[in-house]
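Asker: Pasting a structure below so you can have a look.
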Amino acid sequence: MTILVHRLRYMMTTNLNGGGRGGGGEGPCGACKFLRRKCVRGCVFAPYFDAEQGTASFAAIHKVFGASNTSKMLLRLPLHKRLDAVATLGYEALARVRDPVYGCVGHLFSLQHQVMNLQAEIAHVQARLSMFQRFYLVPPQQMQQPPFDLAYNNEYPMEPTNLDVGWEEEQLPQAVRL
């Protein structure tokens, strides 16, 4: 759609700045060429449908809306809104040609379905992320102090004890004695 809008804006500026058709002796505009009629001065289609590429765009618009209805719509609009109207008509006409039943609404349904699928996927990924954060990541408080350190634990002093393990110092090999 944006390519069509840019192309139409370019065509409109070149046509309104002296490069236009419509009785200038340069030949018919794309719409008049498609309709096989003489392009008169002040042709409502001339600023929007050039002779080279405008014929194909106008063909789709003509097939869906008709030339008379299109010209009536354009004449009712102020000049500064006509370009957007032609771009919209072109988009709707091409969508209707591609999908005769739904037209551009079919594309809207497709986009809405895509948005719903992406929202569901985001919810699923957020739920999994939350699960991983709860089960696999250690909270920042626990990461700062180790959970079990013998050097600072009062329950297990580091000094020698008088445990009787059944060994006398004389029974130990020379390498083990202190």
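Placement of Cβ uses the backbone N, Cα and C atoms for every residue, glycine included.
Copying in the features that TrEMBL gives for the protein in this structure:
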type   : residues : note
DOMAIN : 27-129   : domain 'LOB'
Asker: When secondary structure is assigned with DSSP, how many helix, strand and coil residues does the domain 'LOB' (27-129) contain?
Answerer: 73 helix, 0 strand, 30 coil
Asker: So what's the mean pLDDT when you look at the domain 'LOB' (27-129)?
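Answerer: The answer is 91, the mean pLDDT of the model over that range.
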